[in-house]
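Asks: Pulled the feature table from Swiss-Prot, pasting it below:
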REGION    1-20  region 'Disordered'
COMPBIAS  10-20  compositional bias 'Low complexity'
REGION    29-94  region 'Disordered'
COMPBIAS  37-48  compositional bias 'Basic and acidic residues'
COMPBIAS  49-62  compositional bias 'Polar residues'
COMPBIAS  63-94  compositional bias 'Basic and acidic residues'
COMPBIAS  143-167  compositional bias 'Basic and acidic residues'
REGION    143-183  region 'Disordered'
DOMAIN    286-345  domain 'OVATE'
Amino acid sequence: MMRWGRKKPVSSSSSSGLSRALPVSWFSKLSGSSDLKPAKEKKQDEKASQNISVKTSLSSTTRRSDIHENSKRFQRVSVEKENSATRSADKESNEKFEEIMSSVRKKVRDFQKETCGFLEVEAMDRDNGTVILTPRIQVNRDKQRCERRDQRLLEQKPKRSEQDAGVKVKKPARRTGTGGYSREDSVILGHTITKPAHQWEKLKEVKLREVKLKADQQRKSLYLKRELNRIGTKENNKVRVFSPRASEKCRVKAIEDLKKAKQRAREHELLIETADGGMENESFAVVKCSSDPQKDFRDSMIEMIMENGINHPEELKELLVCYLRLNTDEYHDMIISVFQQVHNDFNFH
């Protein structure tokens, strides 16, 4: 039979053993859990510190790379600016030089068209050298020779005009591809043989006298014909060549021909003046045997600049035109390169 009531009391020994075991186990568990927690926290702290150090190192490397790239970019920009400035300066100087060269080439082409009949000086090899032409001041001997030639022409021309009663105005000699000019209008290496003013006046007076004589004869013949017609001869309504109108035309034509001849002589003088770059008319080309044409061209240009006091680009341009006209096409590139060097050395603006 079961008894209802209180439970049996537990013995004191068992209860004391449990009481001893329970606190120890709980403390050991608590201490174990407390020991585990700091270790985990330490690991987490170490990982966080490692991540932070990695991040800081990455950020520092990215900053350094950015700074390096920025410095490189700045250097590139500065170099590009300097290059663009030098390019613009070079371009400006090249444009100025090209402008000068284009005007010079145009003048040379115009001169070659107008003076295609200039006497050509053939290049000769002397001691394996090259013959070049440079402008110089003419010596007195050549000047005297040309003056004597002009005097002979002055003496010969009035005799011809007096002997030939029906003389006509002489047309200027045509210039052939390799031929020369007429004797009166010839141009020899920069010197022009021209007629003085008093000679032109004499020729003009002679021509006017001839025209007046012809007009008087025509008027007399016309008067005689009219008298014959009055007597009873058959009238003719056609305009005769002896009419005053025809004589007036002949007189005007003679004066115009004289003016044209004088104008041609003046044009030749102007051509030689422009060829000499504004220097004296009495200049000529010196034929020189050279083993180094480039050096000789440079020395000659510098000498001409110093002697004539050339200090403007226009005067230097005229000097270049003179060199290009005097020499053949094979030396033109060399002359232009030497001109560019001299232009840069003297710093013409």
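In case you wondered, yes, glycine gets a Cβ from its N, Cα and C as well.
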Asks: In the compositional bias 'Basic and acidic residues' (63-94), how many residues does DSSP call helix, how many strand, and how many coil?
Replies: 32 helix, 0 strand, 0 coil
Asks: Between 0 and 100, where does the mean pLDDT of the domain 'OVATE' (286-345) sit?
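Replies: Averaging the confidence scores along the domain 'OVATE' (286-345) gives 81.
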Asks: Would you mind splitting the domain 'OVATE' (286-345) into helix, strand and coil residue counts from DSSP?
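Replies: Split by secondary structure, the domain 'OVATE' (286-345) comes out as 47 helix, 5 strand, 8 coil.
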